[in-house]
Amino acid sequence: MLKRASFVEVDTASLRHNFSAVKSIVPKDAHIMAVVKANAYGAGAIKASEIFLQEGANYLGVAALDEALELRSHFPKTPILILGYSPNTNASMLIDNDLSAMIFSLEQAEVFSQMALKSQKRLKIHLKIDTGMHRLGLEPNFKSIEIIKKIRALKGLEIEGIFTHLSNADAKIKTHAKNQMKAFNAFLEQLLDQKIEFQYRHAYNSAGILSLCNGNENRLLNLYRPGIMLYGFYPSNEMKESCPTILKNVISLKAQIVQIRSVKKGEFIGYGEHFYTNEETLVGVLALGYADGLMRALGNRIQVAINNQLAPLIGKVCMDQCFVKLNDIQAKEGDEVILFGDKSARANDASEIAALLNTIAYETISTLSKRLERVYI
């Protein structure tokens, strides 16, 4: 039984389909790290991870310690990498829970080494290399090779992997992405020349997987990190138009009509006088608002699907509620409303909502609140 009259519906068959799409693209002997940060981009990290592991994922990737700990409580043996920054104060938690950490400096490695020695355990780490994102990482140069040698000499650490991140592989022209891979491959080869090897070497996110697996840029990679594509979205419109891989929508945002009321002509609906009734208006109230992830700016801008009919979202979206206009719509209290998701029901998908807000589907789905129950079908 639902605790609220609003929820996120997650299509598990589509999750499996999209993971299979990854497997069909990457080399047959490749390892796959399913990226499930931000509550699996809104799909629910525990259930999504369970499905990806069943389908053959070797690793899970998250952004922060709390996400990793949630997964560890359900998957005690699964390798989990924190792709984001881990403060030094988190070292003991990383070690005690057998979590892998991203490292980008000798100073941090030294602190983690000391903590590992105190606990008499080993901490697995992946070295981050900055090849052009200019966010975090060691530069791919001789100085960094010397730093890596020093990190390798530290006790208590197991350097399990090395990776970079592609910043623009979803662009129509792949020059920057290919230059990043050229720099990463050259650096890996320099390390190999000095007998420095790694169990895992990774660089390709969804954009890299969808667009760069046909060349030889990935010749030294053996681990792939799909993210947004697992949830049914292409990294960019350019990729959607040109990519032959079919991805299926996973996430739908739904709510029930909790009350229908007739509002006379000449009234304002909701906060701030943003919708004026120029006729007698049948208004449906939904228990869903911007605190749930339905952006406030969508008021008066989108249509939602009700019984395969389209109805406008009116007024400003409130923190916990919103309004739809039901004139000329066959609907009753308790009927389901699709805010975005299933195209077969005439609803917008998350990428179309994102376009209205000048953002991307990543933001539209990853900001869906945890207070919304996930319903798996």
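Using the three backbone atoms N, Cα and C, a Cβ is placed for every residue, glycine included.
Features of the protein shown, as given by Swiss-Prot:
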ACT_SITE  Lys37  active site, proton acceptor
MOD_RES   Lys37  N6-(pyridoxal phosphate)lysine
BINDING   Arg135, Met319  substrate binding site
ACT_SITE  Tyr271  active site, proton acceptor
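Overlay of Swiss-Prot feature records on the structure.
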| residue | record | Cβ contacts under 8 Å, 6 or more apart |
| --- | --- | --- |
| Lys37 | active site, proton acceptor | Gly61, Val62, Ala63, Ala64, Glu67, Leu83, Gly84, Gly227 |
| Arg135 | substrate binding site | His165 |
| Tyr271 | active site, proton acceptor | Gly315, Lys316, Cys318 |
| Met319 | substrate binding site | Gly289, Tyr290, Ala291 |
